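Taken straight from TrEMBL:
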- 56-186: domain 'Ig-like' (DOMAIN)
- 194-299: domain 'Ig-like' (DOMAIN)
- 303-390: domain 'Ig-like' (DOMAIN)
- 395-474: domain 'Ig-like' (DOMAIN)
- 481-568: domain 'Ig-like' (DOMAIN)
- 586-609: transmembrane segment (TRANSMEM)
Amino acid sequence: MFVSLPLQLSCPVLGGGGDMGQTCSRLVSVPVLQVCVCPCAVGLKLSLCCRFVSVPVLQVCVCPCAVVWCRLELSVQDSVEVLLGAPALVPCDFSFSDSQGPPFVMLQWFVRSPGNRSRSRIFYGDGELQLVDNNTEYSERVEVSSGQNHSLLTIRDARLSDHQREFFCQVNGLAAGSAEGKSTLRVYAPPEAPVIEAVPHGISVTEDQPAKVAVCEAQNGFPKPNITWYKNGEQLETSPGEVKFLVLHWRASSGLFTVQNTLMVRVVKETRDAVFSCRVSFMVPGGVRSLVSSTINVTVHYPTSMVELWTESPPGLLREGDTVELRCQGDGHPPPTFIFTREQQPDVPLDSRGDVLVLSSVSRKDSGLYQCRPGNPHNSSEVKGEVQLTVHYLDSAVVVPAETEIMLRGEDLTATCNALSSLQTSTVWYKEGRVVGSGPSLLLQDASYHTAGEYVCEVTVPTLPSLHTQSRVHILVHGSPQIQSPEQDLQLEHPTGRVLNLSCEAQGSPPPAVTWSLPPGQIFEEVLSRSSSHSSLSVVSLWVRADFTAVCNASNELGSDARIYTVSAVPMVTSPAAFSPAEGSGVFIVVIILGLLLLAVLGSIIYFLHKKNRLLCGRSGKQSITKEKSSSKEIVVEMKTEESVLLKAVNGDKKTPTEQ
């Protein structure tokens, strides 16, 4: 027999014959389930037991032979929690008491909305067929992955409409029975951080009932979040006549909740120092979380009885050019408007903004005593605040001599640097980044060319480092030329026919011009000419043929100097070992041949004496010919070759013209 949907089906069985169609109930627009009972036959396949129709049919064929009875066990989670928009995973685990299990298992997933008694199927399948039902809310959002004893339903993009829906996992193990379990899906959406706003106006201590202090709002949460209030870190509770709360909430078209909680408190003067905050608590998968708002203070209104005036900025000592802010504050609320004046002109109000007086780019003239007092004409008490303002200054440094000063070599000079200041100053002199002196005066003694350069005078205020000034003077040292040579006249000897280089360096400022005076007909070439701020260098190259005298002249607008070079031409010395290459080569060959012949003769003699045991050794001059073993001392024949000497003689001592 078989069970099918309202559809007349036949189950022809080999050897059975006849129709076995029965009337069955049909699910709307879903595949047809057929269960057939067929007799056993050798080689009969279960797929031949039932006939397919034009719609998908899930077939179960049961043969009454070799039946193994087993029991089905199924487990699912009671609830699954997920964040809005995230994928929801609903697991379903099942097992059979028989380790092999039945040959056929059918699995189906259903969903049911809260308050609805009917449920809808969204998935069905067996070992060969896995189908998601069409035309359901989950047709495009679900996936099912199944294993041997496990099925996982994945719902993509969890929505608020999924919240509290029940998902059923149904497993049919045929003879092992069927079972199902359900999981409730809970979807959470954390709200935005709470926003706290204090009332824009103050609260008077004269109020005898709780007044609105602040509003805390948390938007876009699901389920509805909860808001609590804190004062100085301690949670506030409702108190008749002292504290109460007004809670409102609404739900947007998206389904998310917005909650607003208004705090109402009866204030006293001490409430001005209180810090208020709110905390929003909400559900998330696995527990409860919370977010804390920023803090606010409550403005309390009470009369002004004390006024204080101070320098808000900049901190520390003031200097010329600073922008100074003076702030005036009283202990009354709301803060009154203030009038700022100077002690020198008490009836002339200064231009201020509320409780702040701004003095831009102050100078020493702005020093003095400043005052502020409440501008409320109804204030009977004469209260005021005062502050002494002192503006410090440092004038530009003045250096004497100024800019550029020319000194003659050997002179002395005292430079001074001064800057007028309201504070104690410190003066340091620099040259090329190095400290060369301290104090207002700098003494330059016995000026040399090294004295020349730029000197920087820096004046600072140690107690106010931002005050500093610089000035500079450029020192030039002038002098007549002076040729750098230990002797007035230089005596030189140089081989005839060789090139001689003469060098002449002279110091002086302005840089001297260097010229040479040479005998008529003397050929020379200037190979180097160089000048700096206080020196000049000239190098000439000459061919020495005979004795001559050369004069180096250095001159500038302040004088001149000269040096005399007396050059004696000497004959070029030839090395005794030097001879012509051809002669040297022949001698070298002869020496080689003679040496080889000598070595051959000497070797023959040594060999002959060794054979005759007549080779003498030791200091006695005799050796027994009966001894077969030689003395422990070996004969050493040392021959000195003259190869290196001969080679040297052949090649000669090669020297550069300057070495000769």
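Just so you know, glycine gets a Cβ as well, placed from its N, Cα and C.
TrEMBL does not curate its annotations; it predicts them automatically.
When each of 194-299, 303-390, 395-474, 481-568 is scored by its Cβ pairs under 8 Å to the domain 'Ig-like' (56-186), the top-ranked stretch turns out to be 194-299.
Sorting the domain 'Ig-like' (303-390) by DSSP state (H, G, I as helix; E, B as strand; all else coil) yields 3 helix, 40 strand, 45 coil.
Confidence over the domain 'Ig-like' (395-474), given as mean pLDDT on the 0 to 100 scale, stands at 94. Secondary structure of the domain 'Ig-like' (194-299), assigned with DSSP and counted as helix (H, G, I), strand (E, B) and coil, comes to 5 helix, 63 strand, 38 coil.
Using DSSP to sort the residues of the domain 'Ig-like' (56-186) gives these counts of helix, strand and coil: 6 helix, 69 strand, 56 coil.
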